[in-house]
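Visitor: Here's the feature list from TrEMBL:
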BINDING   Asp283, Lys293, Pro313, Asp314, Ile315, Leu316, Phe329, Lys343, Lys347  CTP binding site
DOMAIN    6-174  domain 'Flavoprotein'
DOMAIN    188-398  domain 'DNA/pantothenate metabolism flavoprotein C-terminal'
REGION    1-192  region 'Phosphopantothenoylcysteine decarboxylase'
REGION    193-403  region 'Phosphopantothenate--cysteine ligase'
Amino acid sequence: MLEGLKIAVYVSGGIAAYKIPDFVRSLIKAGAQVRVAMTPAAEQFVTPFTFEVLTKYPVLRDQSTYPDPVGHIHLADWLDLAILVPATANSLGKLVHGIADNEALASLLACNRPCLIVPAMNNKMWDHPATQRNIDQLRQDGYYVLDPAKGFLAEGYEGKGRMPEGQEILQAVMALATISQQEQRLDLTGQKIVISAGGTQEAIDPVRYISNHSSGKMGLAIAHVAALAGAQVTLVRTPSARDLAVIPEIQLIDVEDAHQLQTAMTEEVQEADMVVMAAAVSDYRPAQVAEQKIKKDKSQVSNDWHLHLVENPDILAGLPKDRALVIGFAAETQDVEKNATAKLVRKGADMIVANDVSRSDIGFGTDQNAVTLVTHQDKRCLAKTSKFQIAWAILDMAQSIQK
Ligand code: C5P
C-alpha cells in the first residue's frame, strides 16, 4: 500500500526506540523504501546496524560514513515522507527552535516534505507546558503530530506518553501518504466527524449471531484520513472492526447490534458536522434473543429451524439532516448507480458511496475498492484503488456539497 514511497525514519533517544526496527519492517512490508537517521542518544537504545540490515542502506548518524558527503541534505532531498519516531521532548524542543546539533535534526531542518511526528515520553514530560507549547508550535508549522497513547509506561506506572503501536502509526502513515499525494489540500480543522464501521452482530442466543462480511476497513480509512486532515473524529465500531489499529486521537465507541449503533449515532450526530455511515447494518434481527444457548434437541428446534426475524430501524434514514452532512453507503450487485441515486433520495442523504459487491477482487475485507460517489449535484467514479484514496475522495467531495 506504500509502494514506491520513499520514507525516512528519524529515530531520537527514547526507550520506545527499541520498537522502531519492527515498525521499519512494517513500512518495508507495506511496499515503502525506507532509510533511517539516528540521533546519538537513539544509539543508546538500538544499534544502527539493526536498521542497516533491515533497510540495506547506511544509517545517517554523527561520525558515520554515509554514501554522500553532505548526508543530512542528501536524505532530506531523497524522501517523500519523514517520520520522527519516537520524538523525545528534547528533539521536539530543538526542532521548534531550529537547532540542528546532530545529523538527524540537521536533516529534518532541511526537509520540506510532509513530516509525521510521533512523540513518546514520560507523562509528566508530556504534560509540561514547554512540551505542550512546542507541540502547538509544530502543528502551526505544518507538522502532523500524533497524540501519545495512555497506558503502561517504562517507569512502571500508567500515564499518557506511550508511543502508539506500530500498526497504529502505519494507519497514520497511509493516511498522510494519501493526503500528501493529492494536488488539492484537504483541511478539516475544527470539524467534528462521526464514522460508523464494521458489520453489526444481531444476537440469536449467547453464542450465536447474524452478521455480514464487513471488515470495517473502509470506515477506518475514512477515520484516519479525516483525523490527519485535522478533524476531530469519533469512530463507532462493531466487533468486526475492533481488531484494526486506530491512532489514539480517534475517540472510540464500541457497539454490537443495530440498536446500540442507532443510540450512539443519534447521540453523536447532534454535535457533528459530518456523519459517515460506513457500517453494514443488519436489516433484520431475531425477534427474541434466547437467554440460554439454544440446544439442538428436538424440544427446542426441529430438523428445519425457523428463526423469526423482525426489521431493524434504518439508522441512516432516521438521522436528522438539518445540521450535519450525512453520507451513506450502498452495496449493490446490479444497477449500482441507479440504485445509489434512488437511495440518496429515499434516505435523505447528502452523498451515497456505491460499490459493486458482486466483484470478488475488491470490496469486503480487501484493501481496495471501486466506487461511485453520488450527490444531489454531482457524480464521481473511482476505478479500483486503495480505501485510503477512496476515503480522501469522499471527504474531498463532501467539502464541495452545499447544504
Ligand atoms: O438500505 P441499505 O442497507 O442498502 O443502505 C445502506 C446504507 O444505509 C449504509 O450506509 C448503512 O450504513 C445504512 N443503513 C442503516 N440502517 C440500516 C440499514 C442500512 O443506517 N438498517
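The backbone N, Cα and C atoms fix where each Cβ goes, and this holds for glycine too.
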Visitor: Once the DSSP letters are reduced so that anything not helix or strand counts as coil, what is Pro313 (CTP binding site)?
Guide: coil
Visitor: Once the chains shown are all counted, how many other Cβ atoms turn up within 10 Å of the Cβ of Phe329 (CTP binding site)?
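Guide: Result for Phe329 (CTP binding site): 25 other Cβ atoms within 10 Å.
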Visitor: For Phe329 (CTP binding site), which DSSP three-state class applies?
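Guide: Reduced to three states, the DSSP call for Phe329 (CTP binding site) is strand.
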Visitor: Between 0 and 100, where does the mean pLDDT of the region 'Phosphopantothenoylcysteine decarboxylase' (1-192) sit?
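Guide: Summarising the region 'Phosphopantothenoylcysteine decarboxylase' (1-192) by its mean pLDDT gives 96.
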Visitor: Going along the chain, which residues six or more apart from Pro313 (CTP binding site) have their CB under 8 A from its CB?
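Guide: Listed in sequence order, they are Ala258, His259, Gln262.
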Visitor: Across the record's CTP-binding residues Asp283, Lys293, Pro313, Asp314, Ile315, Leu316, Phe329, Lys343, Lys347, the largest CA-CA distance in angstrom?
Guide: 38
Visitor: For Lys347 (CTP binding site), just count the other CB atoms lying within 10 A of its CB, please.
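Guide: That number is 20.
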Visitor: Could you tell me which three-state DSSP class Asp283 (CTP binding site) falls into?
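Guide: Coil, per DSSP.
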Visitor: Considering the binding-site residues Asp283, Ile315, which residue's Cβ sits among the greatest number of other Cβ atoms within 10 Å?
Guide: Ile315
